[in-house]
Structures are given as C-alpha cells and as structure tokens.
Amino acid sequence: MLGYTLRRLLLLIPLLLVVSFAIFAIIRLAPGDPAFPYLRLQNIPPTPEALSMARTALGLDQPLLTQYWSWLTAALQGDFGISFATKRPVLQDIAYYMPATLLLAGIALAFTLIVSFPLGIWSARYKDRWPDQVVRTIAFFGVSTPNFWLAFLLILLFSVQLHWLPPFGAGTWSHMVMPVITVSLMSLSINARLLRASLLENANARHVAWARMRGLSDRQVERRHVLRNAILPVLTATGMHLGELIGGALIVETIFAWPGVGRYAVSAIANKDFPVIQCFTLFMVVVFVVCNLLVDILTAALNPQLRLGEEAQA
C-alpha cells in the first residue's frame, strides 16, 4: 500500500508542473495588457511611460519561459505575487477567505452523504415502486437544475415570499441553509442515483446468492456483501464532488454574498487581477487532483484487487 501511494504521489509532480505552465501561459497570452488593470487599480493614468514602468515591474518585458521560471521559483517559496486590488500577498488573501469556503463545502459534503445514502438505499430497496419513483424524480431535478437558477428560486421562495431565511450574508446557521442546498443538490442527486444502480447490480452478484444460500438474513446480506461493494463507486464520485463543491462556490458565494474565496475570485476576474486569477486557478486544480488522489488511495485500501492489479502492471 505504501508503494502504491508513493507512486501516485510521484506522478503528481509532472502533472502539476504541466498544468501550472498551461495556466500561466493562457493567462499571459490572453487578450489585454495586465499593465492597464495594474495601473487602474492604483489610480495611475495609463500614460506610455507609466505602462512601460508597469510592464517592467510585472516582468512582462521578459520572455514567457523566463517569466514562468521566476513565478515558479517564487511560488515554491509561497510567494504567488501581490494582488492588484488589495495590495496584499495573494496567498494571504486566499488564506483569509478560505475558512468560509471550506466551512460551506464541508457542511455541503456532510449533507450530501447524510441524505444521499438513505435515498439511494431506499430507492434500491423499493425498486419500481412509489418510493423509488419519488427518489428518482428528486434526483432528476437535482441533476438537471443549474445551481444559479436554484439559488434565485430559493431566495424568491424562502426570503422574498415566506421571509423564513436571510437572502444574503453570513454569521448564523440560517445564512447557510440556502447556500448548502444550492451547492450540494447536484452531487446529492448523483450519489443517490449511483448508489441505487450499484446496489441493484451487486444484489444480483454470485457471492450474494451464495451468502443467501448459507442462511444469512436479507439485512445481513445487504450490510456485509452488498453495501460494502456498492459504496466504492460512490466514494470515487464523492472525491470529485468535493472539488466541485469548492469550485461551485464561485457562483453560489457571489449570489448569496458569502464571504469566501469564490466571491474573492469573481471580484478578481472582474478587476482583471491576474495574480489572484492565476493562483486561484492553480489552487482549484490542486484541490481536484488531491481529492482524486485521496479517493484512489481509499478505494485501493477497500479493494485490494485494484491495488494488486496496478502493482502487477508496474
């Protein structure tokens, strides 16, 4: 298991290098001169002399590879540049806003798991009956509904019409209800559908029939032989959902005025704050990669056949 984990960690190094260069190059080659927003956010007129000095200060007068190397060596030391808007280190700003985003994503993930597992099990147990139809309808709605539309719908219903929940801001549990539902509904629906399909598939497996022949009760068979194998695909999907929950914060935090890193990134995009955009994009890639790595390791621990198969190929 240790060797499997080390190999997966080593594969991350070239992947992150390639991705970081791609992000850096795309942002640098995008239309527009970073010197203009740099001067605008400092209230400096964009005269030719000021633009020339700004390009020199930002290193834009150097070749692309030289710029990337300078940025990479600084980033490895924790220096991702200075925000044009706040005049503070980008990493310091992200660290300031990140707790609110992690709180929202963590509660949304817990809500996803707590709700999706009973729904998936219930739907599989009552296949093609009315409970199954209800769960499948909810899941279809959750997968098909854009989160920004759902956010406005929840605000209209619970804030404007019923006056039950505050529409914007943070500070109390009531501020979290609508953002959590908005962020988690799609992942919750996918997990419920995936668990239902996996349970039905494993229920017809040969080893399950053998367990029933040994005289085990349906509940024992379900718990020991069906559910344990059925949750593996759900765990894999959950790892991807965690990255999606943090990534989906861009829209949700902006709509609900949640003081997280997603709202900070949207503000940076509007201001063309290139150091922030670059750091946030790379951060999101790292989140997705690390989440998938953790899920792969957990899946290999629960399914030794997968780990042994990769070790044999190596």
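Numbers run from 1 along the shown chain.
Heads up, the Cβ atoms here are built off N, Cα and C, so glycines get one too.
Sequence annotations record features per position, and here TrEMBL assigns transmembrane segment to 9-30 (among others). Beyond the transmembrane segment (9-30), the same-chain residues lying 6 or more positions past its ends with a Cβ under 8 Å from any Cβ of the stretch are 60, 64, 67-68, 71-72, 75, 274, 277-278, 281-282, 285-286, 289, 293.
Outside the transmembrane segment (94-122) by six or more residues, the chain places 131-132, 135, 138-139, 170, 176, 179-181, 183-184, 187-189, 191-196, 199, 227, 234, 238, 241-242, 245-246, 249, 252-253, 258-264, 276, 279-280, 283 with a CB less than 8 A from a CB of the stretch. Positions annotated as transmembrane segment by TrEMBL: 94-122 (among others).
TrEMBL lists 98-295 with the feature domain 'ABC transmembrane type-1'.
Counting residues 6+ beyond its ends, the transmembrane segment (134-160) has Cβ neighbours under 8 Å at 119-120, 122-123, 166-167, 177-179, 181-183, 185-186, 188-190, 192-193, 196, 248, 251-252, 255-256 in the same chain. Under the heading transmembrane segment, TrEMBL lists 134-160 (among others).
According to TrEMBL, the feature transmembrane segment maps to 172-190 (among others).
According to TrEMBL, the transmembrane segment annotation covers 230-255 (among others). Cβ atoms under 8 Å from those of the transmembrane segment (230-255) belong to residues 100-102, 104-105, 108-109, 112-113, 116-117, 120, 147-148, 151-152, 155, 179, 182-184, 186-187, 190-191, 194-195, 198-199, 201-202, 261-263, 265-266, 284, 287-288, 291-292, 294-296, 298-299, 302-303 of the same chain, restricted to positions at least 6 beyond its ends.
The transmembrane segment annotation in TrEMBL covers 275-298 (among others).
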